[in-house]
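Novice: Quick one: structure below, then a few questions.
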Amino acid sequence: MAHPTNLLRHVNTVHEKIIIKSCEPCGKGFTTYDAYNSHMRTYHNIGEQYKCEICLKMFNHASSRRIHMKRMHIAERKYECQICQEKFKDP
């Protein structure tokens, strides 16, 4: 059974749209701290940054770094340039 606080949080955020935090730079209001923190990282570059340990590129979200790692560093690269030996995923 769900905790009563979960129901209250659901009603406040989904149906009542009660603003619990506002963005100082742009004034946008948020119904959850998670949404506020995500907004601050995405639009104002404020908050935790995630660095790729291979190429040192910075990301605002851990999920963006994970996708980058998968696409750029983990995927099998079997096509090699005969001039410089750099490898690629597709021909």
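Quick reminder: no glycine exception, Cβ is built from N, Cα and C everywhere.
Feature annotation from TrEMBL assigns domain 'C2H2-type' to 21-44, 50-78.
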Novice: When DSSP states are grouped into helix, strand and coil, how many residues of the domain 'C2H2-type' (21-44) land in each?
Specialist: 12 helix, 4 strand, 8 coil
Novice: Are there residues at least six beyond either end of the domain 'C2H2-type' (21-44) with Cβ under 8 Å to its Cβ atoms? List them, or say none.
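Specialist: Beyond its ends, the domain 'C2H2-type' (21-44) has Cβ neighbours at 12-14, 60-61.
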Novice: Where DSSP helix means H, G or I and strand means E or B, what are the helix, strand and coil counts for the domain 'C2H2-type' (50-78)?
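Specialist: DSSP composition of the domain 'C2H2-type' (50-78): 13 helix, 4 strand, 12 coil.
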